[in-house]
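First comes the structure, then the notes that go with it.
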Amino acid sequence: MPSPRRTIEGRPLGSSGGSSVPGSPAHGAGGGRFEFQSLLSCRAGADPACARLRASDSPVHRRGSFPLASAGPAQAAPALPPEEDRMNLNPSFLGIALRSLLAIDLWLSKKLGVCAGESSAWGSVRPLMKLLEISGHGIPWLLGTLYCMLRSDSWAGREVLMNLLFALLLDLLMVAVIKGLVRRRRPAHNQMDMFFTVSVDKYSFPSGHATRAALVSRFILKHLVLAIPLRVLVVLWAFVLGLSRVMLGRHNVTDVAFGFFLGYMLYSIVDYCWLSPHNVPVLFVLWNHQ
Ligand SMILES: CC(C)=CCC/C(C)=C/CC/C(C)=C/COP(=O)(O)O
């Protein structure tokens, strides 16, 4: 029977093992420490004791289906775990880099989560942060765009607003799909008191507010003629909205960073597929008949 303190793929040992959830601080920070120790102290071929440890840690060995490893001392020397096990026990540089990034992400996000609760260091700023949250929420943006589209009396205006609506819907869809696939939990210090959420919003990667902020601000800068101070304000709004997600404890830094990246890229897709009377005449003809 396998010992509860064993690890195959560098998972945490001992009593905390059962409660560590991927994406939770415990998994990323506490678990990561053991993983680094085991990686550093047990490099491939560096130490015969380590080699024995690796062989005895192999799941194949524990299943008893690796005959040489369980034989007597005379036959034990050539015993090596199968190739796939050796790969698990010698993670790549990329693996270590990603785990380090995750640990830094969790640490920094916790430090920046200064408005996560009323009693937090910056708890008094929380209402302002929540106002910002509403300014980047999907519902006001969708309803506002629909309203302006229906009220617009110029075809050029309607075309731009129809594309903004398309962009907002594409953004909601992409974020929902990625959140559903990645299923990263929101930070432990987050209070789930958000205005109007759907089921995938219990997950945090990527930040929907950050994608919307990047997408909408890029859209506005491209399609609205604005004076420089207003353009600066739009960029500032997007940046502060992203920062506020971490300060409120809603997200980790990487959720917001990836959200900005995704929103920026989504605008490029919208620009590429720009809906106009030339490429989707049916949309505009239908509208004309209303
Ligand atoms: C048409 C339709 C399905 C609208 C849904 C709009 C909606 C509920 C958007 C959710 C917005 C939201 C709370 C996103 C979560 O943002 P994070 O920054 O916390 O990821």
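Here the Cβ of each residue, glycine as well, is placed from N, Cα and C on the backbone.
Curation plays no part in TrEMBL annotations; they are all automatic predictions.
According to TrEMBL, the protein has these features:
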- 1-30: region 'Disordered' (REGION)
- 18-27: compositional bias 'Low complexity' (COMPBIAS)
- 159-271: domain 'Phosphatidic acid phosphatase type 2/haloperoxidase' (DOMAIN)
- 160-182: transmembrane segment (TRANSMEM)
- 224-244: transmembrane segment (TRANSMEM)
- 256-275: transmembrane segment (TRANSMEM)
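Long-range contacts of the transmembrane segment (256-275) within the same chain, counting only residues at least 6 positions beyond its ends with a Cβ under 8 Å from a Cβ of the stretch, are 159, 162-163, 166-167, 170-171, 174-175, 178, 205-216, 218-219, 222, 238, 242-243, 245-246, 283. Packing against the transmembrane segment (224-244) from elsewhere in the chain are residues 112, 115, 129, 132-133, 135-136, 207, 209-210, 213-214, 216-217, 256, 259-260: each is 6 or more residues past its ends and has a CB under 8 Å from a CB in it. The average pLDDT the prediction assigns to the domain 'Phosphatidic acid phosphatase type 2/haloperoxidase' (159-271) is 97.
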